[in-house]
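Per Swiss-Prot, the features are:
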BINDING   83, 84, 85, 223, 224  substrate binding site
BINDING   85, 86, 252, 253  NADPH binding site
ACT_SITE  184  active site, thioimide intermediate
ACT_SITE  191  active site, proton donor
């Protein structure tokens, strides 16, 4: 468990405060987990973003009439802190009985508070239900590898030694899996996800990738660190010209978290999958 997470509200009984309370946000420094991976915060080997989507966003108009919407928050992957998810939910719930003059005022408030907690500017978008409904759901790009026949009996820790690739053949391809699962390091609750890998480099053995992803099944870590571990393990093996790892996790507590790590400075689309 991350030392800072022990002091967060995650896994503890909490009072639900219904009026604006930005102090509920609980930042957790990324540095300790980066150190575990052998990564320096001064020279990160990736670019990217963490997309958070909130499906339980509500506030009051000046008349007292409530509004519901869906919030999208883009936290830079190089921000000093992640925001602990339960504290994020409690903070958003504190808006439920708070009046805002306009959506613009709400967005400015959210951006100010979340940026302060993350330690870097967080982009905020508030959408109507109709706008999000019109977007529908999408599918991951590339070939799904989930039908491959693999055997595995160890799920406690990620096993990069399972990964295999060709040392003679270079390919450019995109593959994905819906079998990613890890556990919350604080509560032990399951985190279900889908992950897409896009790269140009040594040809990755698809069955070995699937087995490797399944090896995360009982691993306890936050979403962001799981994706960063996958990225680093693949980067070491494939020696790619470029590499992207993008995970879309199933929501818990009205929030889903979607980390994106890449060698390239390309902003991904934040489009929902069928399980989201």
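Just so you know, glycine gets a Cβ as well, placed from its N, Cα and C.
Overlay of Swiss-Prot annotations on the structure.
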residue : record                              : CB count, 10 Å
83      : substrate binding site              : 25
84      : substrate binding site              : 23
85      : substrate binding site              : 25
86      : NADPH binding site                  : 22
184     : active site, thioimide intermediate : 20
191     : active site, proton donor           : 23
223     : substrate binding site              : 23
224     : substrate binding site              : 21
252     : NADPH binding site                  : 17
253     : NADPH binding site                  : 17
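Here residue 191 (active site, proton donor) is positioned 14 angstrom away from residue 86 (NADPH binding site), judged by their C-alpha atoms. Within the set 83, 84, 85, 223, 224 that the record links to substrate, no two Cα atoms are more than 12 Å apart, and one pair reaches that distance. The two recorded residues, residue 83 (substrate binding site) and the residue listed as 'active site, thioimide intermediate', have Cα atoms 14 Å apart.
According to its DSSP assignment, residue 223 (substrate binding site) is helical. Residue 85 (substrate binding site) sits 12 Å from residue 191 (active site, proton donor), counting Cα to Cα.
Note: the Cα of residue 223 (substrate binding site) and the Cα of residue 252 (NADPH binding site) are spaced 12 Å from each other. A gap of 7 Å separates the Cα atoms of residue 184 (active site, thioimide intermediate) and residue 191 (active site, proton donor).
Of all the recorded positions in the list 191, 252, 253, the shortest Cα-Cα distance to residue 224 (substrate binding site) is found for 191. Rounded to a whole number, the distance between the Cα atoms of the residue listed as 'active site, proton donor' and residue 253 (NADPH binding site) is 12 Å. Annotated pair residue 84 (substrate binding site) and residue 191 (active site, proton donor), C-alpha to C-alpha distance, rounded: 14 Å. When every Cα pair among 85, 86, 252, 253 is compared, the largest distance found for this NADPH site is 9 Å. Here the residue listed as 'active site, proton donor' is positioned 8 angstrom away from residue 252 (NADPH binding site), judged by their C-alpha atoms.
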